[in-house]
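Here is the structure we will look at, set down as structure tokens.
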Amino acid sequence: MTVAGTTLTNVQGGHVSAEFGLRRAEELVTLYSAEPVPDLPRTCALIKVNAASRPDATPDEIYAWARGDWRAGAIRDVPDLPVFVFADDIVRAVHRAESWDHTRDDRGRPIPKLWRYTGAPDAELEAKYVGKSLREVKARRPSGRWRQHGWHPYISSTHSSELTPAVDTRTRYLGCLLGGAAGDALGAPVEFMSRTQILSAFGPDGIRQFEPAFGGTGTVTDDTQMTLFTAEGLLRSWVRGCLKGVTSEVGVTAHAYLRWLQTQGEESPRDLMIDGDPGWLVAHPELHHRREPGNTCLSALREMSHLGQSARNDSKGCGGVMRVAPAGLFTATLGDGYPESSSVRAFELGDGLAALTHGHPTGRLTAGVFAAVICSLVHGVGLREAVDAATAVLIEQSDHEETLGAITAALALADSGAPHAEAIARIGQGWVAEEALAIAIYAALVSDSLEQGVVIAVNHDGDSDSTGAIAGSLLGAQYGVNAIPAAWLEQLELRDVITEVATDLLDFTHWDLDGRDGGTIWRKYPGF
């Protein structure tokens, strides 16, 4: 079919899914033959809402999807700001933003810098602009395309999969840790397989459901084990600080890592009281299995002469970054709803925890970025904006270039429309920290669901369980636990333990340690 000299097909670039990937003939005519928009008013906002392209989308639905939450900044001061809502480069609606209100967290508190607008359709502007094409406007942008996520001056975008009811904080915490474990379990059977081998074994779509690994189905690896011990160490550091008056988050978590070392059948360089007053976590027998632990983590912990000692190696393997999602959750709770300050602290904590085992700057800086992104996501910040905020902290650090380069490449590839396998191959295999983080960020950005993102993250040549774990944590923090396929949750090893740890990471500041909770919490998370 040809319209205006252009051959039309039923294949769409950009957002493609079972719901959006096919187009009716009349929709294709609209997409390819629409007239260019007249000059846009100055000042205005453009908001990309993919779902607005649905033929059955009502004006009320489009308004609800477009309202926010946005990092609107000074643009809020423009009286009756025109807001152009578009999809597939076609204007679908035009509103006048009459007022702005803070986004509020699940406790009703305002979240700084996140806003929702209240307004109404502008009939005059809609008559002039709706149905017109923004392609020429897009072509004048330096990149020649719209970015997929985040608020930018006059241009913003929200992915269609984000057009869901607000996700409460508790659901995000659960989603982060359970999503990470699910990604770990999906990738575990194929960790040492090439993409060609994966497709040969599981079909042209690769591995999409849990398969046997380590004598079970849904079993997790050292990635999830160490993530749990990271969380335990941070919670024990909080208990110690409250009851002893002095603590060290990195030092107490180092102690937790040495307990993990013992679960791997290794001798710890320090007395851990594992047989006397070990705490709750190490008592779970499922953790006492050796699941392909990283050599760098093992050797660094064997050589740790004092708690909190940084590793004396030059490793940048992904074993530092894959375990620090709890650092983002822990600091998000301490930040009490304010992502700007707590994400900086999350970066510092993630960096410090990774440095216990990985001495190369990239090995720890990637962990700082990951923790900061998680911290922002559970506050309700969009993924692209969370990555931007974390990289703003990153570039202030020495030796940041390698990490920044990998993240920048991932963002560009996410916008490029390249086939997923090709894009990931260009990033790397994920055995080193910057590649693992970049693959996970890429997979999270280009996916329409947690399931799709994790599947993309594991079906490649390389460290599939770690890239799956990081991607699952990012997507779980963004979309919440309800986005995890039920079949995955049902089979997931340590599901109840992970759920309890995630809940504790959200609730620990409310523990009555000087009163009725003190003894119980000390037995669960003794402060050493």
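All residue numbers here begin at 1 and follow the chain in the order shown.
Yeah, the Cβs are placed from backbone N, Cα and C, and that goes for glycine too.
Noted in TrEMBL for the protein shown:
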BINDING   Thr221, Asp222, Asp223, Asp463, Asp465, Ser466  Mg(2+) binding site
Cβ-centroid neighbourhood (8 Å) of the Mg(2+) site, Thr221, Asp222, Asp223, Asp463, Asp465, Ser466 excluded: Asp184, Gly187, Ala188, Glu191, Thr224, Arg291, Glu292, Gly294, Cys318, Met322, Gly468, Ala469
All-chain count of other Cβ atoms within 10 Å of Asp463 (Mg(2+) binding site): 28
Secondary structure at Asp463 (Mg(2+) binding site), reduced by DSSP to three states: coil
Those residues of the chain, 6+ apart, with a Cβ under 8 Å from that of Asp222 (Mg(2+) binding site): Gln264, Arg291, Glu292, Pro293, Gly294, Cys297, Gly319
Lowest local Cβ density (other Cβ within 10 Å) among binding-site residues: Thr221, Ser466: Thr221
In the chain carrying Asp465 (Mg(2+) binding site), residues 6 or more apart in sequence that have Cβ under 8 angstroms from it: Gly183, Asp184, Ala185, Leu186, Gly187, Ala188, Glu191, Thr221, Asp223, Val458
Around the Cβ of Asp223 (Mg(2+) binding site), the count of other Cβ atoms that are within 10 Å: 32
For Thr221 (Mg(2+) binding site), the three-state class that DSSP assigns: coil
